[in-house]
């Protein structure tokens with residue numbers, strides 16, 4: 001079996017956190033005899049600086065050839081003024097769409113050692129373990145037509161389009177039901193079917209797919225209510241499935257229930273479990289180069305990669321246990337530090353996880 005992984009450190013803190021994730025990957029590779037081949041390239045702003053494009057053609061070909069892609073983060077203020085079509089984020093959108101990565105998995109898991117880090121009361125979030133499944137290659141971020149125009153009265157207007165086809169909804173719905181079957185057998189589909197035509201089709205197709213999953217309890221919720229319920233009573237959810245834009249917003253909201261977005265990994269999968277794995281957080285240019293970024297989300301993304309693309313559950317479990325051990329030792333990066341714990345930097349945190357394996 002081919003086991004090639006494309007490493008894309010990206011921008012901002014990306015190279016720093018990726019270095020620690022690769023250390024962990026290499027240790028687990030040695031321990032379990034997995035035989036991975038690591039290939040390196042650039043994406044985002046770093047790719048624009050090197051190639052003149054946020055995603056070079058040769059990088060895309062390397063991504064197609066690899067079995068999995070591990071990404072740091074993209075973006076930064078130094079690229080804010082370039083042509084919008086060349087912005088770092090466009091490279092991220094393009095690689096997702098070109099690889100057919102339609103299912104984005106964003107877990108929100110509260111580590112008991114970090115219960116005090118959440119802004120919500122401990123009794124509201126203790127034991128939180130939910131998964132948001134976001135459709136990633138359709139909807140308003142890719143819909144056409146989109147653009148800017150000047151109206152007859154001289155006023156500027158901008159417009160976007162939110163299309164979803166039956167097949168796009170069907171495949172993400174099936175993925176949602178399958179994930180729910182592996183977890184708590186509850187699926188909540190989030191839409192805005194009281195207003196949007198695309199959401200009305202979304203709800204209808206999800207209902208049709210549900211007939212093949214009689215063992216899963218399906219519910220529907222409008223996105224505004226879902227945002228409120230995530231704060232009011234987040235433990236009511238097991239798996240949430242939703243469209244691209246709603247999932248983008250709700251998954252960031254859910255991440256803060258856990259106290260730090262620096263703890264949360266994500267996976268973006270195609271129909272055959274090939275995936276791109278990355279932390280939920282951004283490139284954090286304000287702390288780039290300071291050696292204080294939290295690498296745990298990227299390290300946990302490695303665990304997701306081992307679990308979902310390479311079917312190495314034992315190796316994935318080992319990484320997740322090692323992260324738990326490090327937290328038990330009281331080691332914290334600045335974003336999750338609290339009184340009575342030991343503040344460490346990026347490299348020290350990565351070394352601690354390697355030592356705990």
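Note that Cβ sites are derived from N, Cα and C of the backbone, with glycine treated the same way.
The structure displayed is predicted, hence computed values, not measured ones.
The NAD(+) binding site annotation in Swiss-Prot covers 76-89, 282-294. Counting only same-chain residues at least 6 apart in sequence, those with a Cβ under 8 Å from the Cβ of residue 284 (NAD(+) binding site) are 12, 13, 73, 293.
Under the DSSP three-state reduction, residue 96 (substrate binding site) is assigned to helix. Annotation for residue 96 (substrate binding site): spatial neighbours 136, 137, 268, 276, criterion Cβ-Cβ under 8 Å with sequence separation of six or more. Residues or ranges marked as substrate binding site by Swiss-Prot: 96, 106, 134, 224.
According to its DSSP assignment, residue 141 (site 'Important for catalysis') is helical. Positions annotated as site 'Important for catalysis' by Swiss-Prot: 141 (among others).
For 192 (among others), the entry in Swiss-Prot reads site 'Important for catalysis', with the evidence type sequence analysis. Following the DSSP three-state reduction, the secondary structure of residue 192 (site 'Important for catalysis') is coil. When Cβ atoms from all protein chains are considered, those within 10 Å of residue 192 (site 'Important for catalysis') total 20, not counting its own.
DSSP assigns residue 224 (substrate binding site) to a helical segment in the three-state reduction. Shown in sequence order, 192 are the residues of the chain, 6+ apart in sequence, with a C-beta less than 8 angstroms from the C-beta of residue 224 (substrate binding site). What Swiss-Prot records for 224, 248, 252 is Mg(2+) binding site.
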Q. Of 80, 88, 252, 292, which binding-site residues come within 10 Å of residue 134 (substrate binding site), going by C-alpha to C-alpha distance?
A. none
Q) Looking at the binding-site residues 76, 88, which one has the fewest other Cβ atoms within 10 Å of its own Cβ? A) 76
Q.
Please list, in sequence order, the residues in the chain of residue 84 (NAD(+) binding site) that are at least six apart in sequence and whose C-beta is under 8 Å away from its C-beta.
A. 90
Q.
Measuring Cα to Cα, how many Å separate residue 248 (Mg(2+) binding site) from residue 80 (NAD(+) binding site)?
A. 21
Q) If you measure from the C-alpha of residue 88 (NAD(+) binding site), which of the recorded positions 106, 141, 252 fall inside 10 Å? A) none
Q. Say you check the Cα of residue 252 (Mg(2+) binding site) against those of the binding-site residues 76, 80, 106, 292; which is nearest?
A. 106
